[in-house]
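**Student:** Pasting a structure here, questions to come.
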Amino acid sequence: MEGLHIFNGFSGSSEARARHAAHQLGIPLHVADVTETFDEEIVQYLTREYLVARTPNPCVVCNRKIKFKTLLYYADRLACHFVATGHYARVFHNRQTGRYALLRGLDQAKDQSYFLFLLGQEQLSRILFPLGELTKKEVRSVALTMGVEAVREKESQEICFIPDDDYKTFIERHMGSSPAIPGDIVDRSGRLLGSHNGIHSFTIGQRKGLHIAAPRPYYVLAIDREKNRVVVGHEEEQGFSGLIVSGVSWIDGESPREEVFETLVRIRYRHRGVSSVVCPLSAGDEICPATGRPADHEEAGDKLIIRFQEPQRAVAPGQAAVFYSDDRVIGGGWIEQGIPLD
């Protein structure tokens, strides 16, 4: 068994903790410096998405383009067939079909399968998730029994490379030649309610930081990039009946046989999921809910329409929509547009 620490340029003291854990386990530790690739694939992606009024999901992209790619590269160099990570998820191998399924972790409160929907069959065939069958409490107990003291540290809920979870400052530091442009904050009727210092500071469903003096709280309903304005409304105005996704990826490598099917859709990490109907957005014969007119070929592409069985809040373009059948991840895609309630 070999250990690997992936250094992304922001890891701080994590390498020292990794070395200490490797020493306690009695295994060698290798260090992969992915600083340059991480900046290109993750930091620039995150900054670019916020600047075009989308809410990125760097953890999903990192798992596909950085973490597992690096792990498997080093595994090949070290003649190791399998790689293991601390994700709370499970992999099931169907020996009859030869296919691999990605399942939720047994600890539903810690399940991380949402972040792994871009993994494919080749990757899943070599991945082990030993924590997937355990609860967080059981993991701590086993680790302490083995003498791994790192589990005593407070668990961070922040993105690993953004200090103090301060997205605004981080983005402004990496914007380069794309300065933030001040604009208006308006309600759905266009009534001016306030001003902002750049749309990169906002995401759908946001309540804090609007600085609007009003007897009732406002929430971000939409971010209008073309007019450089933030549209807000009250809680009852936040409902969405569905969404459109693009860049769809299927765990099996193939889409479901049924063109229209029912599934559970999660639209963010802490979202419990909503029963939904999924169907393709077809050019010409389908009204695009985002525009109110027939979709053209460019708009349709490989996009899907998801219709919620119950209205949902905070459908943020740029986030992942992940499809489940019970505990099994079917696939997912990127939210292009929420469909407001009529």
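Just so it is clear, glycine is given a Cβ too, placed from its N, Cα and C backbone atoms.
Copying in the features that Swiss-Prot gives for the protein in this structure:
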| type | residues | note |
| --- | --- | --- |
| DISULFID | Cys62-Cys160 | disulfide bond |
| ACT_SITE | Cys62 | active site, nucleophile |
| BINDING | Gly86 | ATP binding site |
| SITE | His87 | site 'Interaction with tRNA' |
| ACT_SITE | Cys160 | active site, cysteine persulfide intermediate |
| SITE | Gln319 | site 'Interaction with tRNA' |
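Quick one: how deep are these features, and who are their neighbours?
**Tutor:** In this structure, Cys62 (disulfide bond) is part of a helix by DSSP.
There are 24 other Cβ atoms within 10 Å of the Cβ belonging to Cys62 (disulfide bond).
For the recorded site, Gly86 (ATP binding site), the DSSP three-state label reads coil.
Within 10 Å of the Cβ of His87 (site 'Interaction with tRNA') there are 22 other Cβ atoms, across all protein chains.
According to DSSP, Cys160 (disulfide bond) sits in a coil region rather than a helix or strand.
Less than 8 angstroms from the CB of Gln319 (site 'Interaction with tRNA') sit Thr55, Pro56, Asn57, Ile267, Arg268, Trp334, Ile335, each of them six or more residues away in the same chain. Under the three-state DSSP scheme, Gln319 (site 'Interaction with tRNA') falls in the coil class.
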**Student:** In whole Å, how far does the CA atom of Cys62 (disulfide bond) lie from that of His87 (site 'Interaction with tRNA')?
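**Tutor:** For Cys62 (disulfide bond) versus His87 (site 'Interaction with tRNA'), the Cα atoms are 13 Å apart.
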**Student:** Name the residue among the recorded positions Gly86, Cys160 whose Cβ has the smallest number of other Cβ atoms within 10 Å.
**Tutor:** Gly86
